Amino acid sequence: MGPTERDMDADDEVPMAVSLTEQAGTTRATREIPSYRQNLSLDGPLKPVPVTLITGYLGAGKSTLINRILNTQHGYRCAVLMNEFGESADVERALIKEPEGEEASPLANWVQLENGCICCSVKNDMVKALEALLQQRASFDYILIETTGLANPGPVAAALWTDAELEAGVCLDAVVTVVDARNIRRQLADPPGEGAEVCEAAAQIAFADVVLLNKEDLVSEEELRAAHAELAGINGSAAVLACARCGVDLKYILDTGIYSGTGRLGVEEDPDACRPGCSDPCHRHGVSHGHDSKGQHRRGHAPDTVHASDIWAVTLRCEKPLDLRRLRLWMDGLLWERRSHGPDLFRVKAVLSLAGEGRRHVMQAVHDLYDVVPAAPWAEGEARASKLVLIGRRLEEGSLQRGLDECVAS
Amino acid sequence: MTATTEPLTELKCFKCQKPAKLQCPKCLELDLERDHAAFCSQQCFAASWVDHKRLHRPGPDGWHYATRRGAGRSLTMPDFNWTGPLRPWRISPMRSIPDSIPKPEWYSTGRADVEVSSRQQHTPIPRFGKAAEGIRAACTLGRKVLDLAHAAVAPGVTTDEIDRVVHEATIAAGAYPSPYNYFNFPKSVCTSVNEIICHGIPDRRPLENGDIVNVDVSVYLNGWHGDLNETFVVGEVDDVSKKLLKTTHECLELAIAACRPGMRYRDVGDIITRHASAAGLSVVKAYCGHGIGDLFHCAPNVHHYAHNKARGVMKEGEVFTIEPMICVGSHRDKTWPDGWTAATEDGLRSAQFEHQLLITPQGCEVLTARLPTSPPLWWEVEDASLAAKTGQVLSV
């Protein structure tokens, strides 16, 4: 007789009823209400686990970078996610890699990925999946997400840029783009891929906080300079680190604090101010230049350099204090009301001088999210000015500067 | 856990209703409902055996604990570090819905693929004319159903009974109860008692004097969703709970007063948090208000906490909910093993009120507004009795 039949046999016979006062043998008695202090998180908000988004073309060196991070002593225990992204953070195709192992296994094996129910829940699926992962493997205190074929990192970065107030378990720390110095100019000249609106290589650079200009040992001085110029034209505020085999000091990549107001924005430095031979990688040693609406270069530029992509950076300045409310209204319009002929903003980084504030303020915008947070106080006698770097398509410096000027406090 | 509030001496025989003296040993071993297991004699027990033994297995006819977000059932209460005094009780078999009722995509599958992948998750669609009328009608029905649920709330009434009232009233109006099978949610309404923030599953637990209970009704009428909720008192409640409910309601009222074309969705949270904090209460951050129309949940996200990055500006015709959840202690939630019920992490109480709004040229229309016939909320009861005593007429 199989087990089921035996059970059914036992069930066919009515057992003897027992007295009502009898207790069960194995006590599943009223569980003592546990001291719920144990459940509470520590006083005050926990620091979210930083997430670094690593993008770049196949072959640029992303895996090399990740292996370097995993094999260096920096005190973090990193979880590595690899993902075949589409336009959104598709959790179902996420793979996670054990630091010691070779194979990547589906994230779904690590965490219980509930079928996404929006159901008035604030955190998107990717954030929830990462939090679930951290709950199960509390030893991780850093997350690296390597993306392959991500045409536009903007939405993914925005999805990871959780509100500080939300006290999410994870928050975006930096977008790191690995660029192949040998091939970048060709890749920037590539037309957009199927279904994509923009050149993938350009978008990846536009959203970068840090660019690793990799394989410098495989190109000539002149090619390297040209690559720098391309990068500066698209994203003037990212820190560009030329390297070979992604050999950079990890302090520029990990736990940068860029989105929390503590990190280096790359907006403040004026490249003309640094001395020849300066090796600080966070200074933009490429050429800085302005663009008008046709992408023609205006100043400080070698005439034979031609930009391959239609994404570029515009720098705006203002010497007078700004009215925050008007500034926010202006940003709302720029980011949320996109028209087919108007500016298409990807990234904004700014240091702001606001009316009535003793501290400088920092503004970050990624895709369609933006935030203004207080940062370091102005020093005595320091000249207070605002400087904004806007990165995107169809950016017309004149009209954008006028828009900013209208935000001056009256 | 003994699953009944009746003292042992008052249990009745399940078959003949005479005073019970015996119980089924299998039920004792599995810790099942006492009052389904009580009998006056071996004879009654034996006579009931064929039907009774079905309770010893999970099945569609029995009362079981919900697991796996409603996709599963368990005979035994799950292990969990419960944060407060409340425990899950067994839930009833799923109710049936007549064929004639138009159903949303999740009725048969439990999934909302069309909703999840819709463009409306990014951009709200403003509603005018027929669409606005349809949504208005759904909201009015939702209000009537909620009022019926409110009238049913009393000490000793189970939340399962509240679910029955909501389910039957919704069906009778030719509408579908939106929560039913939404991602496998097993019931037609959410009932959240005491330390439960939201998404409580109606079960066999009788409401107790001193409880607070939120009833969250959503209906799907002629292709449109209406969504609202209110928190009610059960019998006499303490002053802390009264203040919690009143403050939560005020948070919602203040937010609604500010809604007009041009208002930023992200500013709603600042208003709510300012008022809650001033009263020493905290704001739940993990759940938010949402766009709603032909889809149950879509853009915009309406966060209730301050300093959020929600995108979007209110425009005429946009339809959405504001539904602040306010807590006596910590704002952080911990989800029960059923996968739905969100409890406060410290076990202290939480309250919620929700309205569905339509932005108009001058401000907004509260589509789920209370009716003159709506049963009074606790402070309205006290105001009315005070007015009666002093002979005053209070302005409403």
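Along the chain as shown, residues are numbered 1 onward.
Note that Cβ sites are derived from N, Cα and C of the backbone, with glycine treated the same way.
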**OP:** Figure out which of B:Asp216, B:Asp238 sits with B:Asp227, B:Glu354 in the Zn(2+) 3 site per TrEMBL.
**Re:** B:Asp216
Subject >> Annotated companion of B:Asp227, B:Glu323, B:Glu354 at the Zn(2+) 4 site, TrEMBL, chosen from B:His199, B:His275, B:His290 >> reply: B:His290
**OP:** Write down the Cα-Cα distance for B:His290 (Zn(2+) 4 binding site) and B:His297 (protein binding site), rounded and given in Å.
**Re:** 6
Original post:
Once near-sequence residues are set aside, which residues in the chain of B:Glu354 (Zn(2+) 3 binding site), 6 or more away, have Cβ atoms under 8 Å from its Cβ?
Top reply: B:Asp216, B:Asp227, B:Leu228, B:Asn229, B:Glu230, B:Leu252, B:Gly289, B:Thr321, B:Ile322, B:Glu323, B:Thr368
Original post:
For the binding-site residues B:Asp216, B:Asp227, B:Glu354, which residues show a Cβ-Cβ distance under 8 Å to chain A?
Top reply: none
Original post:
Applying the rule Cβ within 8 Å of the centroid of the Cβ atoms of B:Asp216, B:Asp227, B:Glu354, what extra residues of the same chain belong around the Zn(2+) 3 site?
Top reply: B:Cys190, B:Val217, B:Ser218, B:Leu228, B:Asn229, B:Thr321, B:Glu323, B:Gln356
Subject >> Euclidean distance between Cα atoms of B:His290 (Zn(2+) 4 binding site) and B:His199 (protein binding site), Å >> reply: 15
Subject >> Summary of DSSP states over the domain 'C6H2-type' (B:10-63), given as helix, strand and coil counts >> reply: 22 helix, 6 strand, 26 coil
Subject >> Other CB atoms, at most 10 A from the CB of B:His199 (protein binding site) >> reply: 25
